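These notes concern the structure reproduced below.
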Amino acid sequence: MQSSVIKTDHFLFYNIYKLEHFTEEQIQEFRQAFLLYDKDSDGAISPKVLGSVMRTLGQNPTEDELKGLINEFDCEGKGLIDFNEFLQMMAKRAHEHNEEDELREAFRVFDKNGNGFIKVAELRHVMINLGEQFSDHEVDEMLQEIDIAGNGIIRYEGKPWLELQFRTENTVTRIHELDNQLTYPPAGKVQKDILNRVLGSLQGLAMGDALGAHVEFRPYHFLEKNPVEDLHSGGTWGLNKGEFTDDTSMALCLANSLVARKDFIPYDQLVRYKWWFRHGYMSSTGTCFDIGAATKRSLIEFEHRQQAFMKKSKFPKDKIDFVLSPDLLKKFNVDCSESDAAGNGALMRLAPVPLFFYRYPEYAVEFSGVSGRTTHGDQIAYDACRYYGALIVAALQGSSFEDLLDKNFYENHLPWFNNKPLHKEIIKVARGSYKKYGGHKDGIRGKGYIVQSLEAALWAFWANKDSFGKGALDAVNLGDDTDTTAAIYGQLAGAYHGFRNLPDKWMQHMYGKEFIHCLSQWIVYEGQNWSPDKSQTLIINLPSTQSQSNPIPTSSSTNKQNYPEHASASSSQVRPKSGASYANIGSTASSKDIQRQMSTPSGSTQLDNASSSFNTQQTQNRNTSQHSTTSPKDYNTAERKGSTFV
């Protein structure tokens, strides 16, 4: 039976083998996904990207299924797939029954908070009283198998590809090996315009990282004579072309946590950073080969606090990485950093936070700052992350290039910052200190101090309005911390330009691109579903907020006018004590509790006595040899004067 084709001004309607009748809205959605990968706009895509297009639409075909579809529908054998053939493929798959979705919907009936968890007691009631009858003993045995944390809570929306997996006793499953496990959000539930920017930001981060990886630590004067012009293998770390370093690995850890927990849980973020540090989780090579000094010390301190927690609370060792209970989490102080750590390691991984929470700018900005403080405790690192997080939120909302780089951006978006001040050095950057035509000759430096990194990334963005690729190369060719400067640049530039405008010649070589594409869809999907009222683990006190009940619209009709580590040094400077300018990242409370305390900073319930016993041990461990290489990436406050705020 042949297909019938009817052309209109905006849509093509197909009655394909009478399998499915697609609506106009579905056809438009398919077209948007198709065009996302039709880079040269010739109306056809390569079979190589067919899987990516289908996954964008919530499909999860295997390699064998893709080969079968290509052989069946590429009738002319031309090695390209046009939109007509693509729709026929989608029609063939549309009738397939998805039992996993039906099971998930059944579980959602008992998920009162919509957070992906149900209580064991509720499931027990269902198993005993409905359907096939089970004895108490049988129910206990089954529930024991699925309640892995032993806390009476079950995660029914499991995504095993987000968790730590081992191939052998000592080697982890690498990112590309997870492609066959990937699952995607329901078809039609991910906004394609937002996905284009989210995917652009995450892939832009990884691309900048990979561009700079092979010349990391090379000085400017070397790169002035030998400029980087393309992706390369080898170099500093001996990586393959397109593989990334710690910048992207930590960003993926952070993104995985947000998606898996559907919320901002610093404890879970630190667990995943620890998995990367100790096991190579989310590494492009399967090992942690590059880690900043401040980050390393913070993760060692986190491990010590976990040990103290287990000892004090009699918590099982095999459960300690899977703590879900708010009552337990609020007893754990996750502020593991030294107070004067001001390296760029906090900024290099930032993007997932503003990308996930962009609909609530006040939360996105504050969470951005808090996300850095787990490993970089200086106020200036906190404020650098808040400012850059706000820029990424604005880019996601479609702000113009000029609005993003307006010298009054901070003042124009003061509610996003909860009317809280920024450090004077960050204000200086926001005012345009990076706008120097001479670049390196005028003082722009790709160093490990967070202010210099922020300035360098913004300089590359400002100097290359129309080209992501040129800006990324300019960031790398500043020298020194080449991968991190370009990774920070890529977060904002990728969100602004979008995935469609990233250089295809580099994209085809990028490691883990399928994983990042899938993860980006989940960031959009779960971010759309998140709200303060749903959150059971909000951990900050905001002086004021309007966006809790009035999130920024996510449609394309949004009013764009309104939204517009690596070197160590000693320092005696210490950041201010916890107060109104800080997030209380050691406590956990419901959003209603937070709203009652908006204007009053609260102290956290911490294992002070338990963790303090490890302070001396932490100092002794700072110089302990590890399996990973500690790079000179993390600056503290030695390079700056004073801590004055504006």
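Placement of Cβ uses the backbone N, Cα and C atoms for every residue, glycine included.
What TrEMBL says about a protein is an automatic prediction, not a curated fact.
Going by TrEMBL, these are the annotated features:
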DOMAIN    25-60  domain 'EF-hand'
DOMAIN    61-96  domain 'EF-hand'
DOMAIN    98-133  domain 'EF-hand'
BINDING   Thr245, Asp246, Asp247, Asp481, Asp483, Thr484  Mg(2+) binding site
COMPBIAS  544-575  compositional bias 'Polar residues'
REGION    544-646  region 'Disordered'
COMPBIAS  584-608  compositional bias 'Polar residues'
COMPBIAS  609-631  compositional bias 'Low complexity'
COMPBIAS  636-646  compositional bias 'Basic and acidic residues'
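Everything TrEMBL records as a feature, shown here on the structure.
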residue : record              : Cβ neighbours (10 Å)
Thr245  : Mg(2+) binding site : 28
Asp246  : Mg(2+) binding site : 34
Asp247  : Mg(2+) binding site : 33
Asp481  : Mg(2+) binding site : 33
Asp483  : Mg(2+) binding site : 32
Thr484  : Mg(2+) binding site : 35
Return the average pLDDT for the domain 'EF-hand' (61-96) as a whole number.
77
Within the domain 'EF-hand' (25-60), count helix residues (DSSP H, G, I), strand residues (E, B) and coil residues, in that order.
23 helix, 2 strand, 11 coil
Sort Asp481 (Mg(2+) binding site) into helix, strand or coil using the DSSP assignment.
coil
